[in-house]
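Q: Next up is a structure, given as structure tokens.
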């Protein structure tokens, strides 16, 4: 090829590039969609309302990162946990939600919020249990600690939430974990009944483990 033809060919290539005439290589992956503040708000709003279809659409179309956070570092999974929405918890985890993400309000993981926002005798007791099960199935740390080293079981004991105490211990919560003041879950229990329940469940678990080991 002559020098003149080479220069003409190079000029033509530059012109095509400027005009966008060169097609993207089919092997090059498409960049993810740009996330905007409005998309984040849309995701959080849909979770709070329980709009599973909208949440699925946003995530499946990659319009927003499943682990995007607000100013308090709360994620969509935190909000799903706060509002006791087991189906959304499952959906978010399927899309890669971080089950142990901590916020900056108190160092709370999603499992903390399930317990904090539940109350003894509340009508959503079954949903709360489902939320805990979904989070643990998704790989969360049932003994997750906040900024004060308190676990979800500490919160359940402090509020006398026996149903949640039972659920957490069934899912593997450690009653001997201590907070930053060295207090166990039984020692912070609001009532004697809750304290006795924790001790009883811990004893039953120990007996079950001993029985299994004894049969080996």
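The backbone N, Cα and C atoms fix where each Cβ goes, and this holds for glycine too.
The following feature annotations were taken from TrEMBL:
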{"type": "REGION", "residues": "1-40", "note": "region 'Disordered'"}
{"type": "COMPBIAS", "residues": "1-11", "note": "compositional bias 'Basic and acidic residues'"}
{"type": "REPEAT", "residues": "72-104", "note": "repeat 'ANK'"}
{"type": "REPEAT", "residues": "148-180", "note": "repeat 'ANK'"}
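Locate each feature and note its surroundings.
A: Nonlocal intrachain contacts for the repeat 'ANK' (72-104), taken as residues 6+ away from its ends with a CB within less than 8 angstroms of a stretch CB, comprise 43-44, 47-48, 50, 52, 55-56, 59-60, 66, 110-114, 116-118, 124, 127-128, 130-131, 133-135, 138-141, 144, 146.
With DSSP classes pooled into helix, strand and coil, the tally for the repeat 'ANK' (148-180) is 16 helix, 0 strand, 17 coil.
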